[in-house]
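**Q** I'd like to ask some things about the structure below.
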Amino acid sequence: MVVSGVLTAPAVLTAPHSGTSNTTFVVFENSHVNITAPLPFQHPSAGPLLRYSLETMTSPGFSSLAVNSTAVTPAPAVFKSLNLAVQIILSAIMIFILFVSFLGNLVVCLMVYQKAAMRSAINILLASLAFADMLLAVLNMPFALVTILTTRWIFGKFFCRLSAMFFWLFVIEGVAILLIISIDRFLIIVQRQDKLNPYRAKVLIAVSWATAFSVAFPLAVGNPDLQIPSRAPQCVFGYTTNSGYQAYVILISLISFFIPFLVILYSFMGILNTLRHNALRIHSYPEGICLSQASKLGLMSLQRPFQMSIDMGFKTRAFTTILILFAVFIVCWAPFTTYSLVATFSKHFYYQHNFFEISTWLLWLCYLKSALNPLIYYWRIKKFHDACLDMMPKSFKFLPRLPGHTRRRIRPSAVYVCGEHRTVL
């Protein structure tokens, strides 16, 4: 047995009986004792003496004693850190995501701010979504990137809590915008109610930001108290037995994913059902109705089905764009939400050796959504595409133009031909 200590106020205890091993315990205040001999090899008479010595060490005179026994307490499990190749790959991916997220969403915000023609209700909502994604790229992604490079959090506990608040604030705001747009599409296509205007869109944006802040703010004040991350590249939820902590994780998972997912899914199912019924009703009209029945039915009776067909074409394309955004949201956020819940309630999952790598890949997948959104706007929305090309310097206009069949063919002032000599205005 080896006993070691750091010298301040010594006291010596020796084995009192003959025939025992020459075992001496040197006890010091503020000392560190390291017992390295396994228990089976200790002399039987040393047991009572060891207990007596430890009791003496815990007396008021030795209140600062720290004992480290490798024979009794196993070493804590050490998680598997990232190897150099994985670090390089993850760092390169994050740099790409950060670059595209910041510049792409910045362009979206500038287009809506600078161009009056772009300030429709839907575009204002999309600008708010882009603003949240841009702030996520500025206030969260760089620190996660540094943590990947250093494999430890170096920014302190306060900023750990603050970054967690920012993360969930921007996430909840982005989800709220998707929810508002989906409900608006549902009201327009299913309920035939177009209630959203730019003023109401701004009010809804203010309400969504206030709601997101009220949900995320407790993280900044340490309720629940997040520890400095040692098993993830940023402050995330980890295993705990605290019921309040667990309740908060469930609440934020419901608000940020499950409730919006169910509401948006219901809205999209209703929209798809309505579009299918409208398509069947429109195609049920005979081809010659314009010419053979125009004099009997009148032009006003013909205007509604044809106008419905035109409106459904536009609404279907806008709905498809929102559907793509929703699909990206599901693919990027469903794994991370599941991971957060399992890590909070499963000790085995949280303490497995490759948890750091798992959490990093899933977090990167979440950040990928912020980079994909502006690319979807550019691909699907012609106004954003054209405005983006107008803002770019001529030397950088290398992006291809949209195919001809995707350009808008119908204008609100157009005249739609019903027959050879009949038109509907």
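Yeah, the Cβs are placed from backbone N, Cα and C, and that goes for glycine too.
According to Swiss-Prot, the protein carries these features:
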| type | residues | note |
| --- | --- | --- |
| CARBOHYD | ASN22 | N-linked glycosylation site |
| CARBOHYD | ASN34 | N-linked glycosylation site |
| CARBOHYD | ASN68 | N-linked glycosylation site |
| TOPO_DOM | 1-87 | topological domain 'Extracellular' |
| TOPO_DOM | 113-123 | topological domain 'Cytoplasmic' |
| TOPO_DOM | 149-165 | topological domain 'Extracellular' |
| TOPO_DOM | 191-202 | topological domain 'Cytoplasmic' |
| TOPO_DOM | 223-247 | topological domain 'Extracellular' |
| TOPO_DOM | 273-321 | topological domain 'Cytoplasmic' |
| TOPO_DOM | 346-357 | topological domain 'Extracellular' |
| TOPO_DOM | 380-425 | topological domain 'Cytoplasmic' |
| TRANSMEM | 88-112 | transmembrane segment |
| TRANSMEM | 124-148 | transmembrane segment |
| TRANSMEM | 166-190 | transmembrane segment |
| TRANSMEM | 203-222 | transmembrane segment |
| TRANSMEM | 248-272 | transmembrane segment |
| TRANSMEM | 322-345 | transmembrane segment |
| TRANSMEM | 358-379 | transmembrane segment |
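What's the neighbourhood like for each of these?
**A** Away from its own ends, the topological domain 'Cytoplasmic' (113-123) comes close to residues 181, 184, 196-198, 200-201, 318, 383-384, 387 of its chain (Cβ-Cβ under 8 Å, at least six residues beyond either end).
DSSP places the residues of the topological domain 'Extracellular' (149-165) in helix, strand and coil in these numbers: 12 helix, 0 strand, 5 coil.
Long-range contacts of the topological domain 'Cytoplasmic' (191-202) within its own chain (CB-CB distance under 8 A, at least 6 residues past either end) are made by residues 119-122, 124-125, 180, 184.
Remote same-chain residues near the topological domain 'Extracellular' (223-247) are listed as 79, 140, 143-144, 147-148, 152-153, 156-157, 160-161, 163-164, 167, 340, 343-347, 349-351, 355-356, 359-360, 363 (criterion: CB distance under 8 Å, separation of at least six residues from the stretch ends).
Looking at the topological domain 'Extracellular' (346-357) alone, the prediction's average pLDDT is 87.
Here the transmembrane segment (88-112) has Cβ contacts under 8 Å with residues 82, 118-119, 123-124, 126-127, 130-131, 133-134, 136-138, 141-142, 144-145, 148-149, 360-361, 364, 367-368, 370-371, 373-375, 377-378, 384, 387-388, 391 of the same chain, all six or more residues outside its ends.
Through the fold, the transmembrane segment (166-190) approaches residues 121-122, 125-126, 128-129, 132-133, 135-136, 139-140, 196, 201, 204-205, 208-209, 211-213, 215-216, 219, 234-235, 252, 255-257, 260, 263-264, 267-268, 270-271, 274-275, 312, 315, 318-319, 322, 325-326, 329, 333, 366, 369-370 of its own chain, all at least 6 residues removed from its boundaries and within a Cβ separation under 8 Å.
For the transmembrane segment (203-222), the list of distant contacts is 124-125, 128, 161-162, 164-170, 172-173, 176-177, 180, 235, 248, 251-252, 255: same-chain residues at least six beyond its ends, Cβ to Cβ under 8 Å.
Away from its own ends, the transmembrane segment (248-272) comes close to residues 168, 171-172, 175-176, 178-179, 182-183, 185-186, 189-190, 215-216, 218, 224, 237, 319, 323, 326, 330, 333-334, 337, 340-341, 344 of its chain (Cβ-Cβ under 8 Å, at least six residues beyond either end).
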**Q** Write out how many residues of the topological domain 'Extracellular' (223-247) are helix, how many strand and how many coil, based on DSSP.
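**A** Split by secondary structure, the topological domain 'Extracellular' (223-247) comes out as 5 helix, 0 strand, 20 coil.
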**Q** May I have the DSSP-based helix, strand and coil counts for the residues of the topological domain 'Cytoplasmic' (191-202)?
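**A** Split into helix, strand and coil, the topological domain 'Cytoplasmic' (191-202) gives 5 helix, 0 strand, 7 coil.
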**Q** Going by DSSP, how much of the topological domain 'Extracellular' (346-357) is helix, how much is strand and how much is coil, in residues?
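**A** Per-class counts: 7 helix, 0 strand, 5 coil.
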**Q** Going by DSSP assignments with H, G and I as helix and E and B as strand, what are the residue counts for the topological domain 'Cytoplasmic' (113-123)?
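**A** So the counts come to 8 helix, 0 strand, 3 coil.
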